[in-house]
Ligand SMILES: Nc1nc2c(c(=O)[nH]1)N[C@H]1C(S)=C(S)[C@@H](COP(=O)(O)OP(=O)(O)OC[C@H]3O[C@@H](n4cnc5c(=O)[nH]c(N)nc54)[C@H](O)[C@@H]3O)O[C@H]1N2
Ligand SMILES: Nc1nc2c(c(=O)[nH]1)N[C@H]1C(S)=C(S)[C@@H](COP(=O)(O)OP(=O)(O)OC[C@H]3O[C@@H](n4cnc5c(=O)[nH]c(N)nc54)[C@H](O)[C@@H]3O)O[C@H]1N2
Ligand code: SF4
Ligand code: SF4
Ligand code: SF4
Ligand code: SF4
Ligand code: SF4
Ligand SMILES: [Mo]
């Protein structure tokens, strides 16, 4: 894919000070589409955390919550896989993901993870719905719950293990942000789908998850230095701010809604939307940071200038 | 089994069982990867070829699989290119196999609006019919009472992209038909090189070869964009630079060549004589000339006749000027001494010699001159050449350089220093130039100035020295040598003139010199006539000399344009040339074609010269209407270099054979095929004719063996004919074996030896790694495989090398012959101390120090006592269109002898016109080729420079409110074009004579057809010619520039008209003589 | 002696292998002819990139490396003399030209992250895409710290320079290096190329061109050095190169650690939520337990 731009009127043939070559980007922006890969990140998180809710529900005798979790996990994982496949240049070669197992590739690790996780989710919901093979069903449910958290956080590694400044520089906090976000969104979905009588854990998790999400996000940007700008400006900024506002609203709602169904649904929806916005915001910030050469050059220059530069 | 296979290749298993645990390398390879091979390694065969673009002549390997060319890349064995190719050479596969190529014959009937399909046979028959008819209708037996035996109704243009064999056959057929208007790119490209170098040294080719530049200590590139126009040849400049040489680039614009130079010197286009003249002045006044060299090898000591008066004394003209005819009586320029004599003893009337176009006949043999001029070995005689030179250039000072060229004195001094400190016995400097020098109304004299300078510094004939004339197309040197030019027969034998050359004896007498190899002119002429007319040529019938059509003046391609406009020329062949884009004043080129009865275009793609009737600019402006144009147009798709055998002659004067790799497909045919079969069909139609004027064509020796299903004539057979046969039918090895009695035949005497020993010497390909840098066993160079011309001068008068470092060719007293790295360009066994007796003739008259063996006096010419139409010494004249006054000569600010065509559509700008205030110069880009036929249809080249643009300085942009990346319109009295604006410091605005002169730089490759498009620069240029060579001034003109796009439709002509009116040009501008 | 770049083939399962091969691109002798761009397209039969429009970026109309342009020549015009403190009238302009290409990193991010094994390390130490394997996931595109590899829209696959794997396997020179008129692109054993490069920098410094520097030659850098390294005449970013790129997989262990911790945090958070929920309404237990 080549991007050809017409001269923008700004560019002169002769510029004395360069941030980069004609101030053009140095990196290639992600080829991923926001809808599919943003959706994939979001839905994977929803699935993974929902599996934990499902197990919790199962363990603590909240069948409604458990079933809601199982369903959300399956829908989440199903759609996320669909989004992933859809984003491939050659969808029919999806199975090439299992040609090899590469510990250096989060996507490869993730593929194997999903390959084990998705069937468990399927089995656990199917057995729940049909009532057959309950033992297998319970085992599958616990299995999915063990893998679930990994499913939610490996995607953070996936995007952080790139040259995209706004992603890579957040690699420490990103998994926590994802974990928090997944927790909140799964909680939100549980608040919507589970009977109000069983949504106590979800409401509490919503608050904790949101706190984690916002806290990790804040810390991440603080540690990123100038790259945080990618999260503050443009589309990413709008998404992040909207997401954060919704998250706070959702969390407050979760605290206050009690067993009122409608309020729970509203707060749940707010939480889910918040999380979606934040995931998309992270995605957009990544794209923006790869488009602007300053995010590549300035930190690297600083790194070169600092006496104790080590690459290890 | 399948399962096991699958599992065996499953990377996960291989990771677990093999060393590549992480799956990063060996474990994850696919089967396809394991089996990967390159398509060159698996090709059926490799065919040796030569790049078809430029005159560097890079070697190519053509890979063929399943009778398809699958890859073309550099031939590592080539001593010139060492396997490298520039972007054009690298795109040859797309050129030859890409979608841009047309593969069927197309026909446009008179007044037709669309192309129609026609089968090849029918088309050939139709063309043959038209040739016969037009020839009959326009036959001219006499003109002004003199026999001319010709037709002015037919013309042919093109040849520099073709093989020598094809050019040979075109000229032969056209001459047989009585067509004199035969021209090719050599006219518009480097014709002034032939006249400039030819009169200076005796041969019109580059004095050196590109590989030898690596031995230069200083290289001045001036008038050439070496790195862009000859990129692979430029490796030898880089080689020299890596060895410590100083590289200087003198040019109006900072190009990719300048970027590589140690010193870039910006110069106003059209002022090089002032610059070089000032260096000459510096050398002479500081006594920095290489005295021993100058004294022995140049004509410095010759005394000039008392009648001679210098331009310095006559305010810009020399003695002999006739303002009525605007020509010189050149007799006053001669040496003092016995007047020029011919072999028969008759005193030659110089005006017999001085005909339009004759200067170019010095392409291989100097002008007639007395071989025994009075000499003053002390160089102090006031009328000796040395002193004349000194006086002539004394006014060319650094201040004049600054005022004229815009070059500050410090920069000028740096150039002088670099050049003089790198010349002498132990060091050599080279000049490299190309069409930045040739395309001026004083083009010849530009090259003369450099020749004088290099002679003074002792840099000619020596390793690392010389003047590298960088020729243009793949075979443009060849199309000058075996010319498709109106004024030349093969080997620089002039075409006969109606007035003087009634019969063979008269003709030979005029062109024969007393001294040197041109004394044998009769041998060359008769052998040529034997090659042309075979058995029909006998001593009794003057060897059919009477069959040759006669000239009556200049019949250059531009004269043909006017002949078309005037309705005289009715039929036109374009053998690979695109005048609608590439020739000066493109609009007149198209209007001329619109006035034809028929036009034959042979090319790869539908170039602008083939489609002007349909979508040309005049159709769009409403000036012409397709339905009203009567021209019948035939388009024949041409075969490419990979589809035919033949030789190209590159800029090293080197003939290189390229082998056909595959057969052409569809209707594509070689030009050899076309010309041969056209000739055959015409002759069939005329067979049995009793008309006397049909004899010339029927007597032509026209049977060449044909090969294969396509009945392709054998190119080798043609090359053999060019080489020449001896009395027993044996292939000759040297022109010294030619005879004037009809016992030998030779199609081009200077190429005699290319088939020596029955071996195609041009096809030799001994790798450069197995021979010296001179690489004599790679191809074959004229003359007689010598690579550095005049290399006798690389030794001192006693025959010893000037220095160990610069040893090249020297006299071996023990062997009694010349020896060294090159083939001596001298008589093998002539001792250095030999002095001829006063009555010696021909080669015997050459002394042991006559290093310039083709000159009538054996010397390099600082002063040209004959041979040129506009002066024996160069003078700084302003270009035709100029924003500046001439600071040196008030009465004659421009070349007084230049050829003017002040006709409607070709108006010249008033001097220093405020309406056209900016200098315009045109040039090339690495990524495109000439008028674009070979680059604009190729996506790979088009994407690299996709649109027409103009380069302007930030100052000019500010003055005219131009925006970077936006459009601008550039307007001259001839036309207007639009271009995208590139504002850059690389296009300097010059400070001179107390003012700022802005320049506009234009690449000239673009046209409306193809993938990369834009307006042609030649809409702006005018037809004004150098009088020696008929070359146009496309390197320096003037224009205005305005922001925004040009009008579409009729508004375009109105815009041009408005400007003309503002400039007060209601009628022809009166030109000072 | 110059530092050597790792024979990285050994780390990727080639027990016996030819020496590591690569490029030294000496931009100080590049004449900006773009033969490398064309030769590469011609050899690899890559598409040209319409629309054919003028960019105004000096003589650069292809703008960047892409899935269909594997060599790209940058043009930089500067008001700056070539030799430091030249003030000698040699002009105050310089026009830098440089041919960029995939770096064939010792630690190649694209290769590390490729989930299918489409990208692999060859026995020459180069990094190559296998187009029969690639599923177009696009991961490599985001991973490359140099912005080299890209996905093509028509076939959905990732493409980049192969260092002419098909040619060098047959003992041939890569198409771009073979074409390069001035040998600005030099192909060979990396060890030899490093020596040549060091000598060249030295010579340029002697000649007053103090701006000359190498880029990508250092095994101690963020990608353990490049299989295609450069001699530049200005800071890397002037040519569109990152000044100090780093392979991101260096941080992968840390990332996994953080991800693991985050996963545990998630599990713990939800567990906490369940635990906290059990005290709701005075420790009311869910129905099933009550039963
Ligand atoms: N890439 C490429 N290569 C080519 C060709 C091509 O079209 N494209 N064409 C081939 C052909 S046909 C030819 S003839 C050669 C031509 O080769 P060159 O002569 O090198 O080509 P140009 O760029 O036309 O002109 C050379 C230089 O002359 C400068 N110039 C213009 N006017 C003057 C002047 O008055 N004085 C001085 N000193 N310089 C001046 C221009 O600025 C330009 O830099 O190239 C051949 N090679
Ligand atoms: N303003 C300006 N004008 C100029 C110049 C300039 O510098 N400035 N330069 C001048 C110079 S130096 C030149 S040489 C001319 C060039 O001008 P032209 O010669 O008109 O331009 P080309 O595009 O080279 O035309 C050659 C044609 O031959 C075709 N061809 C190639 N091979 C073959 C073959 O084997 N057979 C046949 N039949 N056709 C073939 C090509 O496709 C191409 O269309 O332009 C001149 N005009
Ligand atoms: S165009 Fe000229 S320099 Fe380029 S490859 Fe062909 S012959 Fe060589
Ligand atoms: S430069 Fe980019 S594409 Fe090339 S090997 Fe390194 S990481 Fe991969
Ligand atoms: S796009 Fe292809 S090469 Fe790149 S990471 Fe994905 S599978 Fe590998
Ligand atoms: S090595 Fe081959 S694939 Fe890579 S840029 Fe050069 S020509 Fe293209
Ligand atoms: S081929 Fe060589 S000289 Fe030409 S642009 Fe590429 S690297 Fe530079
Ligand atoms: Mo030319």
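The backbone N, Cα and C atoms fix where each Cβ goes, and this holds for glycine too.
Note that TrEMBL annotation is computational and uncurated.
Quick caveat, the model's predicted, so the values are computed rather than measured.
If you look up TrEMBL, you'll see C:30, C:33, C:36, C:180 marked as [4Fe-4S] cluster 1 binding site. Neighbour density for residue C:30 ([4Fe-4S] cluster 1 binding site): within 10 A of its CB lie 28 other CB atoms from the protein chains shown.
Residues annotated as [4Fe-4S] cluster 2 binding site in TrEMBL: C:40, C:161, C:164, C:176. Residues within less than 8 Å, Cβ to Cβ, of residue C:176 ([4Fe-4S] cluster 2 binding site) and separated from it by at least 6 positions along the same chain comprise C:35, C:36, C:37, C:39, C:40, C:71, C:99, C:101, C:164, C:185. In the three-state DSSP classification, residue C:176 ([4Fe-4S] cluster 2 binding site) falls within a helix.
According to TrEMBL, the feature [4Fe-4S] cluster 3 binding site maps to C:102, C:105, C:110, C:144. Sequence-distant neighbours of residue C:110 ([4Fe-4S] cluster 3 binding site) (same chain, 6+ residues apart, CB-CB distance under 8 A): C:119, C:127, C:140, C:141, C:143, C:144, C:148, C:149, C:160. The secondary structure of residue C:110 ([4Fe-4S] cluster 3 binding site), as reduced to three states from DSSP, is helical.
When other Cβ atoms within 10 Å of the Cβ of residue C:114 ([4Fe-4S] cluster 4 binding site) are tallied across all protein chains shown, the result is 33. Under the heading [4Fe-4S] cluster 4 binding site, TrEMBL lists C:114, C:134, C:137, C:140.
According to TrEMBL, the feature domain '4Fe-4S ferredoxin-type' maps to C:21-51 (among others). Looking just at the domain '4Fe-4S ferredoxin-type' (C:21-51), the mean pLDDT is 97.
Among the features that TrEMBL reports, domain '4Fe-4S ferredoxin-type' is placed at C:93-124 (among others).
Per TrEMBL, the feature domain '4Fe-4S ferredoxin-type' maps to C:125-154 (among others).
Residues or ranges marked as transmembrane segment in TrEMBL: C:259-281.
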Chain-mates of C:30, C:33, C:36, C:180 with C-beta within 8 Å of site centroid, [4Fe-4S] cluster 1: C:31, C:32, C:34, C:35, C:73, C:99, C:176, C:179, C:181, C:182, C:184, C:185
Of C:36, C:114, C:180, binding-site residues neighbouring ligand 7, Cβ under 6 A: C:36, C:180
Residue C:161 ([4Fe-4S] cluster 2 binding site): secondary structure state under DSSP, collapsed to three categories: coil
For residue C:102 ([4Fe-4S] cluster 3 binding site), the one of C:33, C:114, C:134, C:161, C:180 that lies nearest, given that the binding-site residues are compared by Cα: C:161
Chain-internal residues, separated by at least six, CB under 8 A from residue C:161 ([4Fe-4S] cluster 2 binding site): C:40, C:70, C:71, C:101, C:102, C:104, C:148
Distal contacts, the domain '4Fe-4S ferredoxin-type' (C:93-124) - CB-CB under 8 A, six or more residues away: 5-6, 8-9, 12, 14, 17-23, 25, 27, 30-32, 36-37, 58, 65, 70-82, 130-131, 133-135, 137, 139-141, 143-146, 148-149, 158, 160-161, 163, 165, 168, 176, 180, 184-185, 216, 219, 222-230, 232-234, 238-241, 247-250, 252
Residue C:137 ([4Fe-4S] cluster 4 binding site) and residue C:180 ([4Fe-4S] cluster 1 binding site), Cα-Cα, nearest whole angstrom: 34
Spatial separation of residue C:33 ([4Fe-4S] cluster 1 binding site) from residue C:114 ([4Fe-4S] cluster 4 binding site) - C-alpha basis, Å: 34
Listed in sequence order, residues with CB under 8 A of residue C:137 ([4Fe-4S] cluster 4 binding site) and six or more positions away: C:114, C:115, C:116
Nonlocal neighbours by CB distance (under 8 Å) for residue C:33 ([4Fe-4S] cluster 1 binding site), same chain, sequence gap 6 or more: C:181
Residue C:144 ([4Fe-4S] cluster 3 binding site): tally of other CB atoms within 10 A of its CB: 30
Binding-site residues close to ligand 5 - of C:40, C:161, C:164, C:180, only those whose C-beta is under 6 Å away: none
Residues within 8 Å of the C:102, C:105, C:110, C:144 Cβ centre (excluding the [4Fe-4S] cluster 3 site residues themselves): C:103, C:104, C:108, C:109, C:111, C:127, C:140, C:143, C:145, C:146, C:148, C:149, C:160
Rounded to the nearest Å - Cα separation of residue C:105 ([4Fe-4S] cluster 3 binding site) and residue C:134 ([4Fe-4S] cluster 4 binding site): 19
